[in-house]
Amino acid sequence: MVVKVGINGFGRIGRIVFRNAIEHDDIHIVAVNDPFIEPKYAAYMLRYDTTHGNFKGTIEVDGADLVVNGKKVKFYTERDPAAIPWSETGADYIVESTGVFTTTEKASAHLKGGAKKVIISAPSADAPMYVMGVNNETYDGSADVISNASCTTNCLAPLAKVIHDNFTIVEGLMTTVHSYTATQKTVDGPSAKDWRGGRTAAQNIIPSSTGAAKAVGKVIPDLNGKLTGMAMRVPTANVSVVDLTARIEKGATYDEIKEVIKKASEGPLAGILAYTEDEVVSSDMNGNPASSIFDAKAGISLNKNFVKLVSWYDNEWGYSRRVLDLISYISKVDAKKA
């Protein structure tokens, strides 16, 4: 079953979701909406990407629309989500990637244009959050607006699930060493709510807040209140890494922990949690579609109950792939209920 998908917001994640969809057999992007980009510029931005390279295919402009690999993609420029005529193209599932409409009420506006479901590509204050491989099986089709959580939660949650299921996490602290993103500054500038966040991204390591660890408690209720974390924004353009330091109830050697993670990466979490013993660095993970790539040689343990685990993630590519995997999954659940 091919699912027809629309994208609202053709920024960083919107475009990377589009590129990933080309490799996703059961996803067809039929429409894009962005009020700030004209079709010719959208085609240019999709064709050329500093981080992920040139688009491997054909991109043309036909009037006000795009033609990608010979298939027409309707291009809208509506500012109000409620005004986007998604039903014209049959787009049933909408990726809400503007970063603006992140609540159930705001994202629900897409339903007025004929969409059936909205997937927010960011954490949401009130929409149910799903992380593939962790709690996606709890989706029952009742919610019209859902969230794919954050890229960091998608990296941390599968790892935390494996550790908790096998050894029981008593408590833990997470640090994500995170590449800079579009919200940061190219030169020092005003940032009233976060003074440090206003400093030049390419020249500083910037301590920052993140709700990613606490959000794990929403997708793994048993870990609610047991994890928290922070971020260090660093001068790299893409790829980030999670450092999870946890106290576990059931003692285990580091080798035993590695074996459990390796087994999960080859079994139930294949494609979501990956495992490597190579001497990798961040750029080696650019374009990796996994949510979380466990680095077996980077972790350490103090004793059998206190361990530090390290896992990489392409915060653009891997996250965008999960957005599409989530749509593919929920569309099958929805079809059974129809």
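Glycine is no exception: its Cβ is also placed from the backbone N, Cα and C atoms.
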In Swiss-Prot, NAD(+) binding by ARG12, ILE13, ARG79, ASN315 extends, among ASP34, ASP278, ASP284, to ASP34
Residue among THR104, THR181, THR276 sharing the D-glyceraldehyde 3-phosphate site, where Swiss-Prot lists SER150, CYS151, THR152, THR210, GLY211, ARG233 as binders:
THR181
C-alpha of GLY211 (D-glyceraldehyde 3-phosphate binding site) to C-alpha of CYS151 (active site, nucleophile): distance in Å?
11
For the recorded positions listed here (ASP34, ARG79, HIS178, ASN315), which one has the lowest count of neighbouring CB atoms within 10 Å of its own CB?
ARG79
By a simple count, how many Cβ atoms lie within 10 Å of the Cβ of SER150 (D-glyceraldehyde 3-phosphate binding site), its own Cβ left out?
22
